[in-house]
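Only one structure is covered here, and it is reproduced in the block below.
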C-alpha cells in the first residue's frame with residue numbers, strides 16, 4: 001500500500017511501550033550550540049535538486065524560476081528518456097554521477113530516516129530520489145540494455161543557454177552486451193537497491209519494482225563485464241573511470257544485500273573481496289568514480305549489526321572494516337602520516353577540481369561510522385590514537401561548518417545559505433534571467449557574450465548548490481569562468497542531505513562520549529530486546545474521520561539474534577502489516593517470511609487506523 005508522502009506531518013513521536021523503549025539522555029557539563037542552521041541547509045540542499053530537474057516539472061515545485069525542458073529526450077531513438085537530472089552547470093544527463101547521487105540520497109534516508117521525519121523533510125528527500133529512480137527505470141529498456149547518457153558534453157559546452165531554450169543535440173547513448181559498461185550498470189543497480197530500502201516502508205509496490213530492475217542490472221553488469229568509458233567515448237572526457245568497474249560490482253552487491261538480506265550477495269562480496277580490490281584497496285577518497293571507501297563502510301555495518309551471526313563471512317568483513325578505518329583515520333589525521341591533506345583553515349583537500357564533493361562524501365562516511373560505533377559502544381583505533389564516536393562526529397561537523405561559513409573567508413560555499421555566498425556560479429540556468437522574467441530565447445553565443453562573461457551577480461539564486469570550493473590555501477575567486485571551483489554538481493550535493501539531517505537532530509555539540517562495551521552484550525533498554533520508534537507518515541480524512549498511517553520500527557538491541565518473538569498489540573482497529581496474527585487475542589509473531597531478527601536489525605510494522613496509536617509490548621522472545 002503506497003503512502004502519499006506530501007501529506008506527512010512535521011511531528012514524529014516515540015511510542016511508549018511497556019518496558020520496551022529507552023530514552024537516552026546525553027548529559028554534558030558544558031554544551032556549545034552550533035551557530036549554523038543545519039535544517040535550513042538541508043532545505044536548501046533539496047532545492048538544488050529541484051533546480052537540476054530535467055523534463056516536465058510538477059506544478060507544486062518550489063524552484064519557480066525553472067521551467068519544463070528536454071521534453072523529447074530519446075524520442076528520435078525510439079525511447080522515452082524524459083526526466084532525470086542535469087549533471088552540474090550544463091545540460092548533459094550523465095548516468096554514472098547521477099546514479100551515485102541517488103545512491104547517496106538513499107543512503108541518507110537509510111541511516112537518518114527518523115531525523116528526516118522529525119525535521120519534516122523525508123517526503124522531499126524521497127521525491128528527489130524518485131525523480132532519479134523513475135528515470136533509471138525508463139532508461140532500463142531491456143534486461144541487458146541501459147541508456148546511460150543524454151546529450152554530448154562537447155557540443156553542450158559550446159552553448160551557454162537555459163535548459164528551456166536548449167538547441168544542442170540530445171543524442172542518447174546506451175550500453176548493452178556488445179558495448180558493456182559495468183561501472184554505470186553497477187552504480188545504477190546500487191542506486192535502485194538503496195532506494196528499495198528507502199521506499200520500502202512507504203511504497204512497497206514501488207520498492208518491489210526498483211528491486212526487480214536493480215537485480216537485473218547487477219546481473220547485466222556482472223555477466224557482461226567491461227569499462228563503460230571504453231564503450232562510451234563521449235563520457236570518457238568528462239567522467240572517466242579511473243578505478244575500473246570492480247568497485248561498482250562489489251558496491252551494487254553490497255547494496256542488494258542491504259536491501260534484501262539475501263545471502264547470495266554477501267557471498268559475492270566475500271568471494272570477490274580480494275580479486276576485486278575490496279579488501280586490498282586502502283583509499284583516501286570516496287566519489288562517483290571510486291566507491292571503495294563507501295563499500296568498506298557499508299560492509300562494516302553488516303559486521304556491527306550481525307556480529308557472530310555473520311560468522312561465515314566475519315573474517316572477510318573485518319578486512320573490509322580495516323580498510324574502512326584506514327580511510328576514516330586518514331580523514332581524522334591519525335593515520336601515521338598517510339592522511340588526507342587539509343587546507344590551513346581545516347578543510348579536507350583531495351583535489352583542485354571540485355574538492356567539495358570529496359568533503360561532502362567524507363563527512364557522510366564519518367557521520368554514519370560515528371553512529372555505528374556509538375550504537376555498538378565502540379571506538380575507532382587509529383595508528384595515532386583512539387577516537388571516540390563523539391570526536392568523529394565533531395570532526396564531520398567541522399567540515400560541514402567550514403562549508404557553511406566557518407572558514408578563513410567567512411563565506412558559505414552553499415549558495416543561498418547565510419548572507420555571504422558565491423553569486424557568480426558556473427551554472428547556465430542561474431546566470432541567465434528566467435524564462436518567466438525574459439521570455440525571449442537566449443542563443444548559444446548570446447549566452448556567452450551577455451551572461452557567461454558578465455560581472456553581474458546571478459539573477460537566479462541557485463539555492464543549496466555546493467560549489468567546487470576554495471583552493472588549497474582557502475582562497476576563492478567568485479568568478480563564473482572558474483568552473484573548477486565555482487561549479488556545483490549532483491555528486492557534491494547528494495551526501496550532504498543525510499549529514500545535514502543528522503546534525504540538525506543534535507545541533508549542539510553534545511554527542512555522548514561512549515566507552516567500549518564490557519564483555520557480553522546486554523539489552524540497552526532495561527530488559528526488553530526491542531527498541532520501538534513510532535512514526536506517523538500520513539494522515540487523511542474520510543467521512544469526517546481522521547485516519548493515520550503508522551510505521552513502527554522495532555530494533556533488536558539485545559545483542560543476540562531473536563529466533564522467536566511474541567508481541568501484544570492492543571487497541572488496534574485497522575489492518576496491520578509486518579507481523580502475523582496468532583489465534584490468541586492481540587498476539588502477533590514474526591511474519592511468515594521471517595525466522596529471526598539479527599542483532600541491530602529492525603522489524604517494520606505498518607498499520608492504518610483512526611484515533612490514538614496502538615499499544616505494543618514484548619510478551620515473549622527467544623534468542624539464538
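Start at 1 and count along the chain as shown; that gives each residue its number.
The backbone N, Cα and C atoms fix where each Cβ goes, and this holds for glycine too.
Per TrEMBL, signal peptide is recorded for 1-33.
A simple way to gauge crowding: the CB of residue 426 (active site) has 24 other CB atoms within 10 angstroms, across all the protein chains here. Per TrEMBL, the feature active site maps to 426 (among others).
Residues annotated as active site in TrEMBL: 478 (among others).
Taking a C-beta cut-off of under 8 angstroms and a sequence separation of 6 or more, residue 487 (active site) has the following same-chain neighbours: 88, 89, 354, 425, 426, 427, 467, 468. According to TrEMBL, the feature active site maps to 487 (among others).
For 508-530, the entry in TrEMBL reads region 'Disordered'.
According to TrEMBL, the feature domain 'Carbohydrate binding' maps to 530-610.
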Below 8 Å Cβ to Cβ and six or more residues apart, same chain only. Which residues does that give for residue 478 (active site)? 422, 423, 424, 486
Give the residue counts of the domain 'Carbohydrate binding' (530-610) per reduced DSSP state, in the order helix, strand, coil. 0 helix, 51 strand, 30 coil
